[in-house]
Amino acid sequence: MKSARPWRALLFLGLGLSLLLVVAGDFCEVNHCQNGGTCLTGINEAPFFCICPEGYVGIDCNETEKGPCHPNPCHNNGECQLVPNRGDVFTDYICKCPAGYDGVHCQNNKNDCHSQPCKNGGTCLDLDGDYACKCPSPFLGKTCHIRCAVLLGMEGGAISDAQLSASSVYYGFLGLQRWGPELARLNNQGIVNAWTSSNYDKSPWIQANLLRKMRLTGVITQGARRVGQPEYVRAYKVAYSLDGREFTFCKDEKQDIDKVFQGNTDYGTMQTNMFNPPITAQFIRIYPVMCRRACTLRFELIGCEMNGKCCSEPLGMKSRLISDQQITASSVFKTWGIDALTWHPHYARLDKMGKTNAWTALHNGQSEWLQKNVFDVPFYARFVRILPVAWHNRITLRVELLGCDE
Ligand SMILES: [Ca+2]
């Protein structure tokens, strides 16, 4: 009687299994996939389907993948290609490297700074198949080759009286002398030859409206004399705006505080300060923060016209100037729900290669978006969001952004 038991148990198990199949129709209730494979049903005609981990193949993932390309010997997303055995070559595969990488196994990140592409004292940052130059003002452009240092016309008159305004004006000599903003021109001559703020103005400023968006790389300041006494601005801040309503202060290069520029130490010497990074604005304001006797100022602006040509450069999705952390999305899709097959937002780089080579949304809906943070340089937009409205199959995207960063 002892021998009948296992047989009966097996029969029950068999019955149980077929019952399960009838009720649930799910072959994956028991994972048939070996070596950590993931079992799926409802794919093609087969009762179940295994997604095998790297290095395994076969219907239930029990076979080891063979060949020199498994596992992939190429680094940095290089593509392994088999070479037909002709007897005269010693390798049976080659690695096709993505841009910016070389070496037999794509193991070398090419130093794109090697040729020293940054001119005029710019510092070079090595990227994937590209580089970025950090230019010292007044130099601009991809390789710091543009010299943005034209005197914009406070002294020369290209900036008209009507373009100048101020928070307040000082009236001297029984109210007959108006030290108005239209007088704040570098090297202006005469008895009344500068702008002076009212003695009662607790936060004075003077503004120039450039009438169009321009690049500003620096400012020259100068004091003046009133009744023989030197008056000047010893320290000041600079703010700028595109619309004349919302102003942004120039920040310190090292910490997130308003930058205080060193002003004048006498009434006549010109003091020059450069903006790093350069400002892109239509309106610029000088805010005196420390004055000798009174806030009296003559000044000139240094800059140049916007150069449209430079504003169509790739902003760094492909070259990785934009880091993975700067790219976010509303959701991500995982092939068969497997973590290793996640279509991450940072896969949305142009020309990204590999099996999962783009960002894909979890659901196809108009609320899905991809977001990218741009840099700390003042910008029209620091965040760019792409909202798919129509798509083929899944919402899947690779992207590059064109523009300029100053
Ligand atoms: Ca590189």
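Glycine is no exception: its Cβ is also placed from the backbone N, Cα and C atoms.
Please treat TrEMBL annotations as automatic predictions, because they have not gone through curation.
Among C124, C135, the cysteine that TrEMBL records as disulfide-bonded to C144 is C135. Checking the candidates C106, C113 against TrEMBL, the cysteine paired with C97 through a disulfide bond is C106. Ranked by CA distance from C135 (disulfide bond), the disulfide-bonded residues C52, C61, C106 have C106 at the top as the closest. Counting residues of the domain 'EGF-like' (109-145) by DSSP class, helix then strand then coil, yields 0 helix, 11 strand, 26 coil. Taken through DSSP, the domain 'EGF-like' (65-107) splits into 0 helix, 10 strand, 33 coil. Note: the CA-CA distance between C33 (disulfide bond) and C61 (disulfide bond) rounds to 6 Å. C97 (disulfide bond) is 29 Å away from C144 (disulfide bond) when you measure Cα to Cα.
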